[in-house]
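Q: Pulled these from Swiss-Prot:
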- 567-642: region 'Type E motif' (REGION)
- 643-673: region 'Type E(+) motif' (REGION)
- 674-768: region 'Type DYW motif' (REGION)
- 22-52: repeat 'PPR 1' (REPEAT)
- 53-87: repeat 'PPR 2' (REPEAT)
- 189-223: repeat 'PPR 6' (REPEAT)
- 224-254: repeat 'PPR 7' (REPEAT)
- 259-289: repeat 'PPR 8' (REPEAT)
- 290-324: repeat 'PPR 9' (REPEAT)
- 325-359: repeat 'PPR 10' (REPEAT)
- 360-394: repeat 'PPR 11' (REPEAT)
- 395-429: repeat 'PPR 12' (REPEAT)
- 461-495: repeat 'PPR 14' (REPEAT)
- 496-526: repeat 'PPR 15' (REPEAT)
- 532-562: repeat 'PPR 16' (REPEAT)
- 1-25: transit peptide (TRANSIT)
Amino acid sequence: MYRFLGLTIHGGLIKRGLDNSDTRVVSASMGFYGRCVSLGFANKLFDEMPKRDDLAWNEIVMVNLRSGNWEKAVELFREMQFSGAKAYDSTMVKLLQVCSNKEGFAEGRQIHGYVLRLGLESNVSMCNSLIVMYSRNGKLELSRKVFNSMKDRNLSSWNSILSSYTKLGYVDDAIGLLDEMEICGLKPDIVTWNSLLSGYASKGLSKDAIAVLKRMQIAGLKPSTSSISSLLQAVAEPGHLKLGKAIHGYILRNQLWYDVYVETTLIDMYIKTGYLPYARMVFDMMDAKNIVAWNSLVSGLSYACLLKDAEALMIRMEKEGIKPDAITWNSLASGYATLGKPEKALDVIGKMKEKGVAPNVVSWTAIFSGCSKNGNFRNALKVFIKMQEEGVGPNAATMSTLLKILGCLSLLHSGKEVHGFCLRKNLICDAYVATALVDMYGKSGDLQSAIEIFWGIKNKSLASWNCMLMGYAMFGRGEEGIAAFSVMLEAGMEPDAITFTSVLSVCKNSGLVQEGWKYFDLMRSRYGIIPTIEHCSCMVDLLGRSGYLDEAWDFIQTMSLKPDATIWGAFLSSCKIHRDLELAEIAWKRLQVLEPHNSANYMMMINLYSNLNRWEDVERIRNLMRNNRVRVQDLWSWIQIDQTVHIFYAEGKTHPDEGDIYFELYKLVSEMKKSGYVPDTSCIHQDISDSEKEKLLMGHTEKLAMTYGLIKKKGLAPIRVVKNTNICSDSHTVAKYMSVLRNREIVLQEGARVHHFRDGKCSCNDSW
């Protein structure tokens, strides 16, 4: 109706020759056509104007902004400056709002320059828009600079800067701003408090979020639905069910139940705290279920691997007139992949196509990531290849997962290729990709590359710090790891339980007993983190390996958690190193109850008994293994030469170049003996002569792989070998000699430890 009326009026103006007579008339016409007819026609009217004043220029810029054509709007704004026309404050504020996305950041900086040239920095609305524009582009220091330059600040100014801090993760600084704001005589409103609640929620800091809520209530403000939703997000993690239920009670008492967003967030909270029955109850009680509510429950059921229930819910969903979207299907596909059923997950992709829902990069990444979580890396890589065949380009999440997989497989060469891809596609700026690169290089035995990437990250997340600390731990670089942790604390980053696992691993792998105790106590006293089994295992391993077996025993007896197989395994390993049979047999008995089929425990006892020449006990353990049908883990090592991975097995399949390898190895050992090498025959757990033991030592897979690397890898390229079990002390010694005699760096990886040999020394300083 209004469109027809507008066209009629404009037609009448044209008939009377008044359509171009007054710029106010033309400007109004441009506004009408831009809103109701066609942006192109509005621009045509502007182009045909014989004379343009400030009103016309500002109107055409606003017309393009309202229509979403921000690039044209910015172009017109530049032309406007050359014409001498003056931009209205409202036009520039709107332009700055549009330039808040990353694509428009450069234009936003130019508009800021225009503001400064015209002396408009006293305009509060303009400055508020500048604060928001800079913060949304991650430029917090520039946001603060604008805020500090403001002579007059209103409540919106304070909310803008406070929101900048919370959205970029600096919530504690935002609390400081809140205090400063109150000192200046301004009373925080609901927007202020919701910004703080949202900031704490995004970091999962439930206690801090609740403290803010209490402070808000003391100030006389009642929480809004947005406040409650943020609070629910903050407690949406395992262990916080009690808090979540308390908030649910508050919602009921204060009649906030009617809000769909609150109800949906409640469902999500119950799912993430692991209480699906309550999530279903909330869902069933909803009067109006939107697509988000359905997707939340389907996602929760899929995550819990209740896939039949998830599919049944999707059928019910369609019956109630809501069509499953890509998010719904992606949840189901991820569930099947996580359950170890990639074929079923790919079937979901087929069903999506049948239903007219186009699978996207998120769909494929969901399956890819699901296989990865399940530890099924081979299937994950197959899915990635299939994704490429379908013509779906990977995004940052895909590449992060791929890098994680390559790190777990120690495929450094492939990891470098993916790194190159990320550079070409400009994905390296993504925080998750950068962190995944640090993780991949650390786990693949290239610590230097991990360090270079890590220190190049501008806004380091807690996850990136944790990855870097674990990298130092893997290499036994204790002093550097502790120094990095100190820098992290100085930067204001608050450590979590994972951080302390990394820090204690740094201490454990470097034999730093005093530092280990210091950080274990600090974790509890300053940060209120309750020690987990992982933390306790690190302490037992640290104390035991350092020779403090009695202290390790006392620690086990007094720890608040019940010792599990991880604890007793670490203790048994320490007893084996220091040949303490009495304590070893106590640990062994506990392990027989906890994990009677773990071959590693049997092998540690065989190792200890053989070193004490108790051959009858060795045979007794071997018989026990046979009776319990415990199979010794296959032993192998591998090395990549060019594009080919060469695997060396302890038994069974031989390498085609075995003759050349043994010839070179015997030659090397002869040279080593002249330099002082004495074979450590205690690594062979058989009652045979030393000469026979020495021959068996030559067949250790890591030695064959290292020797093959020396033969095939010319120049000074490092020799990188991965072994699936712990290396023996003799192989460790041989690697040190090889690094000197052949002037080569050798990187030998065994599980979560990496030994970097250079000039006859190892990065672990023989603490392993």
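Glycine too: its Cβ is placed from the backbone N, Cα and C atoms.
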Q: Counting only residues 6+ away from its ends, which parts of the chain sit with a Cβ under 8 Å from the region 'Type E(+) motif' (643-673)?
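A: For the region 'Type E(+) motif' (643-673), the nonlocal Cβ contacts are 413, 634-637, 679, 698-701, 703-705, 707-708, 710-711, 734, 737-738, 741-742.
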Q: Name the range, of those listed as 189-223, 224-254, 259-289, 360-394, 532-562, that has the largest tally of Cβ pairs under 8 Å with the repeat 'PPR 15' (496-526).
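A: Looking at each of 189-223, 224-254, 259-289, 360-394, 532-562 in turn, the most contacts to the repeat 'PPR 15' (496-526) are made by 532-562.
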Q: Can you tell me which parts of the same chain pack against the repeat 'PPR 8' (259-289), counting only residues 6+ beyond its ends and a CB-CB cutoff under 8 A?
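A: Contacts with the repeat 'PPR 8' (259-289): 225-226, 228-229, 232-233, 235-241, 244-245, 247-248, 251, 296-297, 299-301, 303-304, 306, 320, 322.
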Q: What residues elsewhere in the chain lie close to the repeat 'PPR 11' (360-394), defined as a C-beta under 8 angstroms and at least 6 residues from its ends?
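A: Non-local partners: 326-327, 329-331, 333-340, 342, 345-346, 348-349, 352, 401-402, 404-405, 408-409.
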Q: Using DSSP, tally how many residues of the repeat 'PPR 16' (532-562) sit in helix, strand and coil.
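A: Its residues divide into 23 helix, 0 strand, 8 coil.
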Q: Grab the pLDDT values for the repeat 'PPR 9' (290-324) and give me their mean, rounded.
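A: Average per-residue pLDDT within the repeat 'PPR 9' (290-324): 91.
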